[in-house]
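Worksheet for the structure shown next.
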Amino acid sequence: MSDTTPIPGQFTAATLSEALPYIQRYDNKTVVIKYGGHAMVDEALSQAFARDVVLLKHMGVNPVVVHGGGPQIASLLGRLGIQSEFRDGLRVTDDATMEVVEMVLSGPINKSIVRAINKAGGKAVGLSGSDADLMRVKRATRTTKDPDSHVEQVIDLGFVGEPEAVDVSVLNLLTDYDHDFIPVIAPVGFDGEGKRYNVNADTAAGAIAEALGASRLLLLTDVVGVKDKAGELLREIKADDIPALIADGTVSGGMIPKLETAAGAVKNGVGGAVILDGRAKHALLMELFTEHGAGTIVL
Ligand SMILES: Nc1ncnc2c1ncn2[C@@H]1O[C@H](COP(=O)(O)OP(=O)(O)O)[C@@H](O)[C@H]1O
Ligand SMILES: CC(=O)N[C@@H](CCC(=O)OP(=O)(O)O)C(=O)O
């Protein structure tokens, strides 16, 4: 064998060695990971995600998972014959829809993520925004302008909540060195009267990342990142440029709450927010521990 022929394992060792500065950068830092419903449809991918979260924990990172479940909610609503519509990427939520939203998010989705992480050797604990006063919300409002009269009209979204106060004491308790748990949070909050609300999972993750002073907010979704009008990936966006991208239609649908969340998070102290492809295996590790990164970073 010549001197230049790699010996088995050398490639892995080199990759690990190159990761050293990144491991140091994220040591003891909090990373909030939003795990979107579209990124969890494949069983093998879900298991790989769980393993990566456990690996992060072993590498000294403090991962906090906030999950979605939009497609899974849609599937149960469909089976029950309940119609559902979205406004600006938010599901209009009446009483019957809220029932299904909480059933799906706090039930099978939350528990399957918890079980997958535990199976991979972690100690995940499932919560929702309603536990331990984690996420108080207010009723979300949106307005639209009538194109002819230019008069503003209020859109009623029903039981859609916007985070108003986040109390992270339960998360701090779970993640300190003595305990080492991994919180897995369903985005169901409640208001001052104890009424439950459906919170967009990106919005919930952003509010939690802000309250924790996270180093990174990673939003895992089903596209490579944010694309421009020509369909090219935008590697970096300034938070201040986001309103214009929404106004000129470059981004639409579910990408709107994602980018609004990213902009709000970085303006409120989160080190950076990244929109990345949850369908790509080990997307989390590539983003955090390689020089290539992944997706679109909002700074
Ligand atoms: N400029 C854009 N770049 C990338 N995706 C976009 C853009 N504008 C709209 N989208 C849409 O946003 C979607 C991601 O939002 P969403 O479906 O809510 O994801 P998730 O369920 O992961 O939260 C993409 O699948 C894409 O259809
Ligand atoms: C208000 C609102 O839209 N809530 C979302 C909550 C789940 C979610 O955000 O799931 P994804 O991240 O998988 O899209 C919904 O009902 O679909």
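Cβ atoms are placed via backbone N, Cα and C, with glycine included.
The domain 'Aspartate/glutamate/uridylate kinase' annotation in TrEMBL covers 29-276. What TrEMBL records for Lys34, Lys258 is site 'Transition state stabilizer'. Sequence annotations record features per position, and here TrEMBL assigns substrate binding site to Gly69, Gly70, Arg91, Asn198.
Among the recorded positions Gly69, Arg91, Lys258, the residues whose Cβ sits under 6 Å from any atom of ligand 2 are Gly69, Arg91.
Secondary structure at Gly69 (substrate binding site), taken from DSSP and collapsed to helix, strand or coil, is coil. Each of the recorded positions Lys34, Arg91, Lys258 was scored by the other Cβ atoms within 10 Å of its Cβ; the lowest score goes to Arg91. Taking the centroid of the Cβ atoms of Gly69, Gly70, Arg91, Asn198 as the substrate site, the other same-chain residues with Cβ within 8 Å of it are Gly37, Gly68, Ile73, Ala74, Val101, Val104, Leu105, Pro187, Asn200, Ala201. Classification of Asn198 (substrate binding site) by DSSP places it within a strand. Ranking the recorded positions Lys34, Gly69, Asn198 by the distance of their Cα atoms from the Cα of Lys258 (site 'Transition state stabilizer') places Lys34 first. Among the recorded positions Lys34, Gly69, Gly70, Arg91, Asn198, the ones whose Cβ sits under 6 Å from an atom of ligand 1 are, in sequence order, Gly70. A distance of 11 Å separates the Cα atom of Gly69 (substrate binding site) from that of Lys34 (site 'Transition state stabilizer').
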